[in-house]
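To start, the structure under review is shown below, and the notes come after it.
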Amino acid sequence: MSNFTAEDKAAITSLWAKVNVEDAGGETLGRLLVVYPWTQRFFDSFGSLSSPSAIMGNPKVKAHGAKVLTSLGEAIKNLDDLKGTFGQLSELHCDKLHVDPENFRLLGNVLVTVLAIHHGKEFTPEVQASWQKMVAGVASALGSRYH
Amino acid sequence: MLSAQERAQITQVWDLIAGHEAQFGAELLLRLFTVYPSTKGYFPHLSACQDAAQLLSHGQRMLAAVGAAVQHMDNLRAALSPLADLHALVLRVDPANFPLLIQCFQVVLASHLQDEFTVEMQAAWDKFLTSVSTVLTSKYR
């Protein structure tokens, strides 16, 4: 599994401290639903997803995005045990939500672009590498109890 | 198929890159090698020494090709045919690598354009670059 170096952890935690989870969450989920429209399949109950502005302004999208990123924040406190941290959520996503784990990879990649938007040059190749490692680890952990 | 709005988004972003192909291309390659080290195998000399001049030179070449694709986005197959031959017969880059390059491209755009990198731009460019990579691997077998 992913081994996070001291540099990885520093890059991840220091950037995370500057993230507004509410805003970034809505932004990330919204962009996922716009850029990869087939991901909308899980959100029939969310109301209007008919245009990019409808999606980005949708309060349910914002709320759910915040929920997802809050969960990610918990993971950041437990980088050495992502599988343990996400065990139950993995079962939930498999048994109840039936989410293809590929969606976790897509969401993680979108989060990385959102972080790049907010941090510009500070989001160096090395920082990106740490974060891609992070989101890959989360995606893997979320898929780990699928059966 | 690209809509009129998507074409506009693609051109709008390209206008910001044009003239800076070398710089954007070098950063793209640097991100690719740093984030996805397995890609270095496709650029043995370039990735080993990471000489700034060579990165700029190769980056320029790659982004110039992207620029050509932007000019001919209605007929990518014809415009990119020689590059498709090159990738099929000589380079033989495993198709799984193109999404990695695309992700790095998105990050380059996002980090440079920041708040100007709208969701519509991100969507249009993801669709466009995916089409380009489909064409580049279209003659593989």
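A Cβ is built for glycine as well, from the same backbone N, Cα and C atoms used for every other residue.
Features as listed in Swiss-Prot:
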- A:HIS64, A:HIS93: heme b binding site (BINDING)
- A:3-147: domain 'Globin' (DOMAIN)
- A:THR13: phosphothreonine (MOD_RES)
- A:SER45: phosphoserine (MOD_RES)
- A:SER51: phosphoserine (MOD_RES)
- A:SER53: phosphoserine (MOD_RES)
- A:LYS60: N6-acetyllysine (MOD_RES)
- A:LYS83: N6-acetyllysine (MOD_RES)
- A:CYS94: S-nitrosocysteine (MOD_RES)
- A:SER140: phosphoserine (MOD_RES)
- A:SER144: phosphoserine (MOD_RES)
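Features as recorded by Swiss-Prot, highlighted on the structure.
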| residue | record | Cβ neighbours (10 Å) |
| --- | --- | --- |
| A:THR13 | phosphothreonine | 13 |
| A:SER51 | phosphoserine | 11 |
| A:SER53 | phosphoserine | 13 |
| A:LYS60 | N6-acetyllysine | 15 |
| A:HIS64 | heme b binding site | 18 |
| A:LYS83 | N6-acetyllysine | 15 |
| A:HIS93 | heme b binding site | 21 |
| A:CYS94 | S-nitrosocysteine | 17 |
| A:SER140 | phosphoserine | 19 |
| A:SER144 | phosphoserine | 17 |
Cα nearest A:HIS93 (heme b binding site) among modified residues (A:SER45, A:SER51, A:SER144) -> A:SER144
Long-range Cβ list for A:SER45 (phosphoserine), cut-off under 8 Å, min separation 6+ in sequence, same chain only, gives A:LYS60
By Cα geometry, the one of the modified residues (A:THR13, A:LYS83, A:CYS94, A:SER140) nearest A:SER51 (phosphoserine) is A:CYS94
Under a three-state DSSP reduction, the secondary structure at A:SER45 (phosphoserine) is helix
A:THR13 (phosphothreonine) sits from A:SER140 (phosphoserine) (Cα to Cα, rounded, in Å) at a distance of 20
Rounded Cα distance in angstrom between A:CYS94 (S-nitrosocysteine) and A:SER144 (phosphoserine) is 10
Taking every residue in the domain 'Globin' (A:3-147), the average pLDDT works out to 97
For the domain 'Globin' (A:3-147), the DSSP residue counts stand at 116 helix, 0 strand, 29 coil
